[in-house]
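Below you'll find the structure, written out as structure tokens, and then a few comments.
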């Protein structure tokens, strides 16, 4: 289930990435900023506050519910969504800074249409919960994929044929996206209910009328235990949403960046985070499961099977070395190739302003993301439940401090301030994890943190590559035409080859780990 969802999420990111690359040729960065930050935040806030608490409550306990009462409870998401939409639309129209109508027309109607798209998506909420509770994973993947493809096709067609429509294009695409989602769920359940397959699975609903609100005499209309649980989750959801979308709220409510700067930052953020999602996330997910199986949660290292602790320590050391090497390569080459990458991706619109500086900073942030992913993956697998609860409070404090830091640093350094705040936040999380791992193995013979010490020869190769590629960028890139750009790319390719050869010669333990542990693991996963 999780791998399907991860794949779907990555495909969503890739399509958004490609769509941005195309639309940047036809629209302004200010328009991208309004759509990707301001209007997307309205949509995600409205949907999250209307349904998240209901989802968490109704999916607890699996399928062991009175589904008539659950369906009745889930339909309350729609009137709640209407209330939130009324409030949020007023805030977005009258309390927030409105874009210049000469530069970005149709802002008012776009706010209304994005809110309408969110309400349209809530129509499928009872069906979504039914599908999740009964493990209809493929339905979710197919529905979201079809909806995303429809959204992309419509956006491309309208951007090429009628770019003057501006925000109407993206509003129509969002309505089509949510419309396709709802349509897929309704069509599936229309065919499924009452079928032989439904009877074989003892599905609790028999006909389409069972999907609508209804009551039975002598029985409560809704399950009041679930309703109280929903209210409990609802109180937590405010904070979770603010922490999840923290950067966008700071941009939207505190006016620290112009709409154009917001657009560039959002594109660079998506570009940089794709590397982390493609390379590091699958490693983290796979080896969290490994550590959770090998280690006994919350027990002292001396009280566990020593051969399994030894395996865990060796794997952790190799993983730390692996992500450190990949992160250092991205940081070194990201500095010299950010300008060229953005010029190819979005033209002068991205490469002429703060874009290259943002991507250079993000390249360094990727190194911290990589190390944090592996250290926290181990820590969460080894911690006791009480330690995890305490650490969640630490994470909460760090998240709140991140919001304050990002506000202050963005006033000082623009979009780079957000990345600096992320780096500081990630650095503190890494320090916490390193202290935990050090204490965990203190009374044993293993020292997996050695994985964070690359060989001197590798550091020398990376330093030489940094100097050579920086000189190459200054001489060959990026105003002298494609021939000089290709020379710059060739210099980078030669330096990268030198670094990889150095890794093969000096990091033999890491190479052996990748060949015997990592590649077979992914071979099994994708066959």
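From the backbone N, Cα and C atoms, a Cβ is placed for every residue, glycine too.
Of the candidate ranges 168-190, 191-213, TrEMBL annotates residues 168-190 with the feature transmembrane segment. Range 419-437 is the one annotated as transmembrane segment, of 419-437, 438-456 (source: TrEMBL). Here the transmembrane segment (419-437) does not lie next to the transmembrane segment (168-190) in space: the count of CB pairs under 8 Å, restricted to residues six or more apart, is fewer than 3. If one looks beyond the transmembrane segment (362-381) by at least 6 residues along the same chain, the residues whose Cβ comes under 8 Å of a Cβ in the stretch are 268-269, 271-272, 275-276, 279-281, 283-284, 287-288, 291-292, 295, 297, 312, 316, 319-320, 323-324, 326-328, 330-331, 333-335, 338, 388, 391, 419, 422-423, 426-427, 429-430, 433-434, 436-437, 452. Most Cβ pairs under 8 Å with the transmembrane segment (107-129) belong to 168-190, among the candidate stretches 70-95, 141-162, 168-190, 322-342. Among residues of the same chain six or more beyond the transmembrane segment (168-190), those with a C-beta under 8 A of the stretch's C-beta atoms are 35, 39, 43, 106, 109-110, 113-114, 116-118, 120-121, 123-124, 127-128, 130-131, 136, 139, 142-144, 146-148, 150-152, 154-155, 158-159, 162, 208, 211. Within the chain carrying the transmembrane segment (70-95), a Cβ under 8 angstroms from the stretch's Cβ atoms is held by residues 38, 42, 45-47, 49-51, 54, 58, 108, 111-112, 115-116, 118-119, 122-123, 125-126, 129, 205, 210-215, 221-223, 226-227, 230, all 6 or more beyond its ends.
If you look at the transmembrane segment (322-342), the same-chain residues 6 or more away from its ends with a CB under 8 A from one of its CBs are 268, 271, 275, 279-280, 283, 350-351, 355-357, 359-360, 362-364, 366-371, 373-374, 451-452, 454, 458, 462, 465-466, 469-470, 472-473, 477-478, 485, 488-489, 492, 495-496, 499, 503, 507, 510, 513-514, 518.
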